[in-house]
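See structure below.
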Amino acid sequence: MRGRGGKEKLFSDRNINLQVRLCCPRRNNRTTQEPTFQYDFPWLASFRVPALPPGVVLGEQPLPPGVPSGSGLEAGPKAASPFYPGCSGGGGDCEARGPSWSWLTRTCGRHTQTWPSHSPKPRSSLGQRRCPPQPGAGPGFPPRSPPLRPAQRWVICSSAAVTSSRCRGSAVPWFLPLGGMEFAELIKTPRVDNVVLHRPFYPAVEGTLCLTGHHLILSSRQDNTEELWLLHSNIDAIDKRFVGSLGTVIIKCKDFRIIQLDIPGMEECLNIASSIEALSTLDSITLMYPFFYRPMFEVVEDGWHSFLPEQEFELYSSATSEWRLSYVNKEFAVCPSYPPIVVVPKSIDDEALRKVATFRHGGRFPVLSYYHKKNGMVIMRSGQPLSGTNGRRCKEDEKLINATLRAGKRGYIIDTRSLNVAQQARAKGGGFEQEAHYPQWRRIHKSIERYHILQESLIKLVEACNDQTHNMDRWLSKLEASNWLTHIKEILTTACLAAQCIDREGASILIHGTEGTDSTLQVTSLAQIILEPRSRTIRGFEALIEREWLQAGHPFQQRCAQSAYCNIKQKWEAPVFLLFLDCVWQILRQFPCSFEFNENFLIMLFEHAYASQFGTFLGNNESERCKLKLQQKTMSLWSWVNRPSELSKFTNPLFEANALVIWPSVAPQSLQLWEGIFLRWNRSSRYLDEAYEEMVNIIEYNKELQAKVNILRRQLAELETEGGPQESP
Amino acid sequence: MEHIRTTKVEQVKLLDRFSTNNKSLTGTLYLTATHLLFIDSHQKETWILHHHIASVEKLALTTSGCPLVIQCKNFRIVHFIVPRERDCHDIYNSLLQLSKQAKYEDLYAFSYNPKQNDSERLQGWQLIDLAEEYKRMGVPNSNWQLSDANREYKICETYPRELYVPRIASKPIIVGSSKFRSKGRFPVLSYYHQDKEAAICRCSQPLSGFSARCLEDEHLLQAISKANPVNRYMYVMDTRPKHRMQSWWDTQKDIGRIIVRISSKIWSDERITESDEKKRLNAMANRAAGKGYENEDNYSNIRFQFVGIENIHVMRSSLQKLLEVNGTKGLSVNDFYSGLESSGWLRHIKAVMDAAIFLAKAIMVENASVLVHCSDGWDRTSQVCSLGSLLLDSYYRTVKGFMVLIEKDWIAFGHKFSERCGHLDGDPKEVSPVFTQFLECVWHLTEQFPQAFEFNEAFLLQIHEHIHSCQFGNFLGNCQKEREELKKLSNAKISKQMISLPRSYYIQFIRNPRL
């Protein structure tokens, strides 16, 4: 899928799947030095035919005619177009935008009340209106490059195909539609000519529309123009309209982008629309793109093995001996949503764990989430206790959580539901810990919303952001009515409370809601961001996602099935993960130097959670992922991200390791709308991107100068020591 | 000095606004002739200039002492707890007196001695030369000339001495036009766009009552229009909201209705029908329309444009509401946003920006000259003209250029800084955050185009401090004439400076000079 608007020209005469990204000239100079370049053209070194995915049929490809040749391979390096369209240099950098540069302009008055710190949306409109279109930017240069670029990797067929297309002397947009048997019948019309594409910020482009098993591709088949590649799984909803025989399909993506395709011919239009609809709502996970995607980059490190629970545990085990790894859930029998390996108090044996599991919702017995090395306090998480109306108790459960307390100490239980909701849950067999049975624990109720309330909030917010009526009052009241920032505030407040219990009160905590798979995870993971410097690094944050979201059993498949545009009401969708990312962004904005990653990293995670070529976010829990054999059949997101070329785009240039606990402000005055996500397609971020890039350059230059200074100082010291003895005699 | 009874109070607590659990610092409070100074136990100093104090409040006595809350014009709020009520009362009374001076001579600028000699001080006053600035724009030229009509402030007291007008506008025309315009503020050049040969001009509202014409004024507008060889038409931008005009209209109509009624009684014309009354009313209203804004029939090739920027009173209460919302602790998100919305502050900011964008577009896209006015032509007109020029000309986005812009469109053209900032103890209804709004609009632009500006937020904040501080002569007084008198009054001892920060504090490092 094109994460952020395709800008690459995909093919010309000689290269089959060479995607030439067009950069604006200003940004080219850096891209040429891109070290990943050598991976970019694998067939140049050794032409390999990658294994074809199962079910892919090689056959006669549609060969659209007539594109002038001569801008092919040689254009690649010159035009500074790394193979990953937009992956490096200009695109990558221009993608990098964020509030973090703002510290330069904000040397004082960081939180001055004078300037309302929240950004009214009309700023955007002003900005756009103020600037006449910049012809120099090149036609259709998108504001940011798509982060999901490996998705565009296409299957190379054979060298014969290369020659044949060359012999014909036509530069042919030539690709292999990954149309296996499964998809062939769904694609009623694989190709339509003269389709006009409208999308944010760019002039309309006319071209050929192709549907493949997983992508919607629009190519203008001309030099210097870019293409659109859209992963079907990124499509949230589509609308059709007809004016005469001209049909219009409006595609609304899960990343909140809206594009429009004008398709001549009513039948074609209907066919395309129904094909897209069918392909974007495939039932079977195994038909999803990750199972067909073959990476063209060199895998330095297999992401599936990057963050093993054993390794993570070692980080704690050096500091404490009170905890152990338990393999009680090896067959996923005790708790289907837990990973095979969990961390539990050493004094509790597996048999007790089995008993506790029957007392907790979904078998989610209390496990270790975080160990605070500073004072040995811990965060545990679980499902709700199944005390029911008759106040059932479980001695093993009490023993388990009491085992984590130091003598004479009290702990806190943070219930992410209000007391009312928790009491109502008893009627359904759930409940909360009774004071009588847990005398050493104090229970605090916080109210974090779930499910459809969050989903509706997201829908309202995105609708407000897409509303182009320029009226300040309307915008503010819509923003308010969406309640999105209220949810952010609630989650952050609860996370701060948890962190406060650990760091300030010196008390251990247990966090749970109902299932312990949504708000619980938001709170435990945010508390760790606040408390632990490691989770503010890139690898640490990845480990946190792996541990607290993927292994802890957040049902990504259910929650991220639909996004803000879907009309069909389904019960399980909720932007829980997006809210978490938004909260992280709020903290990042308040502490711009304490995070190793930047805003783009969070945006990238958001996109991949909803639609991806990687298998990381597939499935609802570890047990499902095991059954799907994701490790064998798909590529991990971390394998791609953790390569130096990608990491450079996600690294925050302002990062300085900060070993302290960071306490974010949760006052509504301090919370802002995450423009990088919600206004991304409504206003161009070009000027902010350029400013960010400039800031990166300044910081790099500064580092170079620092290094020079150090060398000179050393030389001076050497000269002085050499000169010293000579002078003395 | 006579107002100061207690100069030093020990064991005073300063509450930390940013801590959640009401932490405080203990230290000593000193009261000097110009500042309130608090030194805490770590020797950290907190200085508050008396002129910065917007309000002082003495709260009810508590067990720990007597709380004293000081609100500053730079929106800072300081919360002291003075152990003895007597001390607190003394300080309270002194501050009340010191923060509201009655005479210009008592302002800080008259006593401030920045340790510079006469030549340095003179340099400060000559740093910004507006004649130089007009030369940079390309005037005088074949279409525009310097007029000496106002050399002795004879035509308009609130305008500067040097004014640029169309070459074909003769002195009688200028004089005639100035009589037609409120406070004599006739249309003059504010900014000339050299490439487009279009101009931004400014004036005040026409004053004509029921005789809705002034031929000289019409001639002057024609002259402005003709001074632009590229475009036939020009815009007249009335920055006031139309609904205000409407309510003015309505009062006119009411008067008209009474007149019609009376006249019908006088003529004892019983047969006067409802429709007749309406016809007469409309005619009357049309004539009445001559006041307030120009009658379109009398001005050819002129397009009228209304942009709704509210008046100073609305802006003042809007800021008040905004500060209340921003200062409240423990708000819910919804309360905050509904408070923000009902304050209307951002709506007003957007209105100013919209007007400036319209102005910039008229010049860039349509090549048309624009005449901007509001009521008196020194508040909203200054906002729109200066912001429009800032959008058009990158020079104004440099440090020097921004100072020139303020000097030109605000100081020289008579924005009433002393009244709007409440430098002296005067009419509170004249106080309004007009200039603050301008700075905020610029700030919004710096956020959207970070590389387009040579300065950063600190620069804007610093200027905002100094419009209230009365430390330098720049912003003293209400117009150039008054400022010259003040300078004489001080024996030219006032120094002039807009910024008292080292350059590295306010320079935008990521500037891209091409923007």
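For all residues, glycine too, the Cβ spot is worked out from N, Cα and C.
Feature list (source: TrEMBL):
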DOMAIN    B:124-515  domain 'Myotubularin phosphatase'
BINDING   B:ASN311, B:ILE312, B:CYS374, B:SER375, B:ASP376, B:GLY377, B:TRP378, B:ASP379, B:ARG380  substrate binding site
ACT_SITE  B:CYS374  active site, phosphocysteine intermediate
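What TrEMBL annotates, mapped onto the structure for a quick look.
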{"residue": "B:ASN311", "record": "substrate binding site", "CB count, 10 Å": "16"}
{"residue": "B:CYS374", "record": "substrate binding site", "CB count, 10 Å": "25"}
{"residue": "B:ASP376", "record": "substrate binding site", "CB count, 10 Å": "19"}
{"residue": "B:TRP378", "record": "substrate binding site", "CB count, 10 Å": "25"}
{"residue": "B:ARG380", "record": "substrate binding site", "CB count, 10 Å": "28"}
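Of the chain residues outside the substrate site list B:ASN311, B:ILE312, B:CYS374, B:SER375, B:ASP376, B:GLY377, B:TRP378, B:ASP379, B:ARG380, B:SER204, B:THR239, B:THR381, B:VAL434 have their Cβ within 8 Å of the site's Cβ mean position. Among the residues B:ASN311, B:ILE312, B:CYS374, B:SER375, B:ASP376, B:GLY377, B:TRP378, B:ASP379, B:ARG380 said to bind substrate, no two Cα atoms are farther apart than 12 Å.
Over the domain 'Myotubularin phosphatase' (B:124-515) the predicted model carries a mean pLDDT of 83.
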